[in-house]
Amino acid sequence: MSSAQDPFYIVKEEIQESIDKLLSTFHQWEQTSAGSSEQVHLTKELLASSESIEWQVDELDKTIDVAARDPSWYGINDIELDKRRRWTSNARAQVGSMKKAVVAGKQSNGTSTSNLSGMRRELLRLPDSDQKERSNAYNARDNDDFISSESDRQLLLMRQQDEELDELSASVVRIGDVGLTIHDELLAHEKILSELDTEMDSTSNRLDFVQKKIGMVMKKASVKGQMMMICFLIVLFIVLFVLVFLT
């Protein structure tokens, strides 16, 4: 799991922002006059913020203990667990030192300059050491984010190419099906034309035969017989016309 997706680093960043804000307020508290209303207000704010941050660090420690039961399931190792415990320990010590200085100032309203200077050096040293670790974590997270974004982009391009290839394959299949259908239809039409041509040849042969028979009959019949046949045909035509059109 990348740092950007790990809940620990998300909570850690929020806590670190709270610590940075607490440190800024602590420096402001140091510069205010002892016993002034502003210092009293800042004292209350510092104590409340310190208790809130300590509770958040304790809850984060609990999640580390849970992850330590089965590190492989959470995708981390012992080195990562030690790194996380070291950060929570430093954060707790840093907040504890500020809280201790504020409580001492609240009780005495006159803490010696040397004691305050020593506490301040301790506070400044802790952020410096943690700043290096946090910078490394940010760099690692940026690298993970870059690799993750590049990987996502490559996967997206591959998915788009696969979709385009699928569409192209489907188009080729459709064109092939259309070609087969046209081929089958052409074969069917060719068969129909062939059968029609055969029937026309047969009909033509029959007509030729009938014409020859009629010609032979006409040659053998006399003029009187031809006239009778013509009259018979005319009468037959009239009867058929009446039956078809007048009934």
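Cβ atoms here come from the backbone N, Cα and C positions, even for glycine.
Per TrEMBL, the feature compositional bias 'Polar residues' maps to 106-117.
Among the features that TrEMBL reports, compositional bias 'Basic and acidic residues' is placed at 126-135.
Per TrEMBL, the feature domain 'T-SNARE coiled-coil homology' maps to 155-217.
TrEMBL lists 102-121 (among others) with the feature region 'Disordered'.
Among the features that TrEMBL reports, region 'Disordered' is placed at 126-145 (among others).
TrEMBL lists 227-246 with the feature transmembrane segment.
For the domain 'T-SNARE coiled-coil homology' (155-217), the DSSP counts in helix, strand and coil order read 63 helix, 0 strand, 0 coil. Each residue in the domain 'T-SNARE coiled-coil homology' (155-217) has a pLDDT score, and their mean in this model is 80.
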